[in-house]
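Next up is a structure, given as C-alpha cells.
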Amino acid sequence: MSNRPRRSVLYMPGSNARALEKARALPADVVILDLEDAVAPDAKATARAQVAAAVTAGGFGHREVVARINGLETPWGMADLAAIAATGPDVILIPKVNKSDDLIAAGRALAEAGTPGRTRVWAMMETPLAMLNAATIAAAAADPATRLSGFVMGTNDLAKETGARLVPGRAPMNSWLMTCLAAARAHGLVIIDGVWNEIADEAGFIRECAEARDMGFDGKTLIHPNQIAGCNAAFSPAETEVAWARKIIAAFEQPENAAKGALQVEGRMVERLHADMARRLVGIAEAIAEREIPAA
Ligand SMILES: CC(C)(COP(=O)(O)OP(=O)(O)OC[C@H]1O[C@@H](n2cnc3c(N)ncnc32)[C@H](O)[C@@H]1OP(=O)(O)O)[C@@H](O)C(=O)NCCC(=O)NCCSC(=O)C[C@H](O)C(=O)O
Ligand SMILES: [Mg+2]
C-alpha cells in the first residue's frame, strides 16, 4: 500500500467552471472532476470540454486529479472517454461498475483512445451487483490492461438501488462497506468511502469520517469545500499515534530484540506486524507533514 495521502477526495461538477478553478487551491488530497451524476444532460458537452481543458492546463499541484466519466453504455460515455483519456488525468473513475468484464471493456476502450500508461482506473462501487461481485471486480487488478488501482463507494446510488437508508452509523450498509474494503485490500487497491450529503450537519459528518477511518478506508469522498478540513483531520494520524508508532519501530531496532518476534513496550505486547503497521503510519504522517509545509 502506498503512503500517498488520500484523506479528502472532493467531487465537483465539471459544468461548474468556478469550482474547477477553485480546486487548484483547495486543501483536498484528491479532486474528482465529475461528468456523471453532478452534471445535467444538457450540460454534459460543456462539462466534458471544461474538464478536458482543466486537466490539460494542470496546475493542481500535489492534488491527484480524477475524472469521472459517464458509463460507457450511456449516450455520453464514449465521447467522454475520447475527450478525457488523452489528456492524461491521474485516474479515470468508471461509474456503476457491475462486474469485472466492465473493467476489461473499459481498459480496452482506454487503450484504443490513446490513454497514457500512467493513468489508472478506479471503480465506483455503487450497485447491488457490484456488492455481490466485489471480490471478482477487485481481482481484475491482476490484469494490467484494466489499470484498476482503486474503489470509491457510491452510497447514494446504493441507497437508491437497494432501498437501504443512509442513517447515522450506516448499519444497513456496513456489511457492503466492509466487503468492498476486504476485496480492495486483498488486491492492494485504494478504497475511499462515500459522501455525507448533509452539508450543514458538521458533527454528523465528523462522526462518519471517524467511523470510516476506523473501518480502514483511506479517505472519504466530499461534496463541499467546507468538509475538507474536518476530513483531513479525521484521517491524519494523531501525534500520540505517531509517537507510539515510533516507539514500536525503535524497540524492534534494538540489537537485543533483533531475533525476537514479540516484545513488551510500555505494558503492551507488540509483534513485528505492529512494526509494519507503525512504519506505514509514520510514512503517511511524514507525507502529510511534507504536504503541509507552506511554500517558501
Ligand atoms: C452541493 C452544492 C450544489 C452546493 O453549492 P452551493 O450552494 O453553490 O454552495 P456554496 O454557496 O456553499 O459554495 C461556496 C463556494 O464553494 C464553491 N463550491 C461549492 N461546492 C464546491 C465543490 N464541490 N468543489 C469546489 N468548489 C465548490 C462554490 O463555487 C462557492 O465558491 P465562491 O463562488 O468562491 O464562493 C455544491 O457544493 C456541489 O455541486 N457539490 C458537488 C456535488 C457533486 O459533485 N455531486 C456528485 C457526487 S455525489 C455522489 O452521488 C457520489 C456517488 O456517485 C454516489 O452514488 O454516492
Ligand atoms: Mg453514484
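FYI, residue positions are counted from 1 along the chain as it appears here.
Cβ atoms here come from the backbone N, Cα and C positions, even for glycine.
Annotations per TrEMBL:
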type	residues	note
DOMAIN	7-225	domain 'HpcH/HpaI aldolase/citrate lyase'
BINDING	ARG68, GLU126	substrate binding site
BINDING	GLU126, ASP157	Mg(2+) binding site
Tell me the Cβ neighbour count for ASP157 (Mg(2+) binding site), meaning other Cβ atoms within 10 Å of its Cβ, over all protein chains shown.
19
Between ARG68 (substrate binding site) and ASP157 (Mg(2+) binding site), how many Å separate their Cα atoms?
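A Cα-Cα distance of 15 Å.
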Between ASP157 (Mg(2+) binding site) and GLU126 (substrate binding site), what is the CA-CA distance rounded to a whole number of Å?
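Cα-Cα distance, ASP157 (Mg(2+) binding site) to GLU126 (substrate binding site): 5 Å.
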Summarise the model's confidence over the domain 'HpcH/HpaI aldolase/citrate lyase' (7-225) as a mean pLDDT value.
97
ARG68, GLU126, ASP157: which of these binding-site residues put a Cβ within less than 6 Å of any ligand 1 atom?
GLU126, ASP157
How many other Cβ atoms sit within 10 Å of the Cβ of ARG68 (substrate binding site)?
26
Provide the number of Cβ atoms within 10 Å of the Cβ of GLU126 (substrate binding site), excluding the reference atom itself.
26
